[in-house]
Amino acid sequence: MPFALHGIPVSRGVAIGRAHLLAPAALDVSHYLVDEDQLDAEVERLRAARAAVRAELAALKRDLPRDAPEELGAFLDVHAMILDDEALAREPEALIRGRRYNAEWALTTRLEELMRQFDEIEDEYLRERKTDIRQVVERILKALAGAPVLVPAPVPALAADGEAATGVIVVAHDIAPADMLQFRHTVFHGFVTDMGGRTSHTAIVARSLDIPAAVGVQSASELIRQDDWIIIDGDAGLVIVDPTAIILEEYRHRQSERALEKKRLQRLRHTPAVTLDGLEIDLLANIEMAEDAGAALAAGAVGVGLFRSEFLFMNRRDELPGEDEQFQAYRGAVDAMHGLPVTIRTIDIGADKPLDARGDEFETALNPALGLRAIRWSLSEPGMFLTQLRALLRASAFGPVRLLVPMLAHASEIDQTLALIAKAKRQLDERGEAYDPGMKVGAMIEIPAAVLLLPLFLRKMDFLSIGTNDLIQYTLAIDRADNAVAHLFDPLHPAVLQLVARTIREANRAGVPVAVCGEMAGDPSMTRLLLGMGLREFSMHPAQLLRVKQEILHAHCERLEPLVDQVLQAFDPEEQAAALRQLARP
């Protein structure tokens, strides 16, 4: 009997095959006290398990093909960094020696503490990083149990007609990027998970490998049985179990069309993004580490529109990264882009994204999303902020760098930020350090107050970048982490569209460059809408770039503008839907 499950679409395409169920690592471990004379041996047992995981991750990275997206190796590096972090190394050992916990108990105790910290994070992307920590802990637990650190690869099942299947669909409560990479040479054609969101590393790897996927499919691993025949509709986040012959035929046809589309898209990699009426559009990439620059270039990005610097600051127990460490990371991205511009956002962290090294400063925040975060926190820590500013300025000596400041809302915040940048320049002058004295400084527009103060921002800042994810959240008063109201998170809400359009149009009139760097920029269904508002600079995940470029190549901006005006004037849902249909490409 066919039935359908609904989840979150994270990677487009259609996958057809038999279900291969992955059992999660057991986190319900035994708890017992270790004898005093066995404490050293228990610590060594934990260290040996971590060493086994480290060796497996290194082997996976070593075996990556030369043409693999660079971000895949970067994700393995992230797991290796988490593995060696004191939170999973020294602190569990302290629990073994101090409380006589067995290794599994010590490890899961620390995991529970970390999970509570990450649950307080408002930002969806950073909140999803707790999944990476859990996945690393699961690997260590497997090693402690003597099980293989990497899950066994699936084997081909039989199709309905008895012939060998074209692939299998991995179904799991969750699946780590490293496991996905292990499957790359097998018949693994897609995956379905109970957990996850659009910004999880698993979802990002799926997009990088162009593997159809649906995540957040509640109870999928319980409702789907081993060897069930299933279809993933990655565009809709739909999973069809035991489909009829008619449904199978329909989706096989979609697969064929998708294969042709992929070939056409690849031919666009080196095609300039120019509209039918001759307007050049800049397509840039969002990255989180220097290693991601390769994927940006491979997709045809003309620069980095958002380098999230906060990842240098995460998972540190005792101290924040120093100036030289930050400089090397920023310069790495600049060098990797070979003269193309790199926009680096200053640390966007705080009460809703607590750092391990400063976590106690934020424990009393009653509403962390509205608390001491982003530029508010940077200005409250001028010593830390000056260190980052000096590192950013030094990197600007090696290529075009733009500095982007998050969550600005007050004139005083702008003035304080610019004053500290000037102070950082004076400090570098005193040291004889090189930097670009004309480095551009821009503002994130992600709070409604910033839109209402646009004349001030346009007078004092060199460029603007609209962070649509936070702008939607703050405009609609929606907590994206709360499933009870998540359905109200609507990028097409008339109020949101009014704010985005106003920002773009006023910036254009003032001659100030403006970009969109949130999820709206990478959604091809939004491309024509944003073009009609006047947007000429998009920044997105590299995997989204070619589909957005395809929309741009078929767009005529002058003709889109009156259609977009109709969308902006439609406040009734039915009227808006009709206006959007008029806007859609025929």
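All positions are counted from 1 along the displayed chain.
Yeah, the Cβs are placed from backbone N, Cα and C, and that goes for glycine too.
Residues or ranges marked as active site, tele-phosphohistidine intermediate by Swiss-Prot on the basis of similarity to another entry: HIS201.
Positions annotated as active site, proton donor by Swiss-Prot: CYS517. In the three-state DSSP assignment, the secondary structure recorded for CYS517 (active site, proton donor) is coil. Sequence-distant contacts of CYS517 (active site, proton donor), defined as residues of its own chain at least six apart whose C-beta falls under 8 angstroms from its C-beta, comprise ASN286, GLY305, LEU306, SER465, ILE466, GLY467, THR468, SER539, MET540.
Following the DSSP three-state reduction, the secondary structure of ARG345 (phosphoenolpyruvate binding site) is strand. As annotated by Swiss-Prot, phosphoenolpyruvate binding site applies to ARG308, ARG345, ASN469, ASP470, ARG480.
A 10 Å cutoff on Cβ-Cβ distances gives ASP470 (phosphoenolpyruvate binding site) a total of 23 other Cβ atoms nearby, all chains included. Classification of ASP470 (phosphoenolpyruvate binding site) by DSSP places it within a helix. The Mg(2+) binding site annotation in Swiss-Prot covers GLU446, ASP470.
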Residue with minimal Cβ packing [other Cβ atoms within 10 Å] among the binding-site residues ARG308, ARG345: ARG308
Cα separation, GLU446 (Mg(2+) binding site) to ASN469 (phosphoenolpyruvate binding site) (Å, whole number): 8
Rounded Cα-Cα span from GLU446 (Mg(2+) binding site) to ASP470 (phosphoenolpyruvate binding site), Å: 5
Rounded inter-Cα distance in Å - GLU446 (Mg(2+) binding site), ARG308 (phosphoenolpyruvate binding site): 15
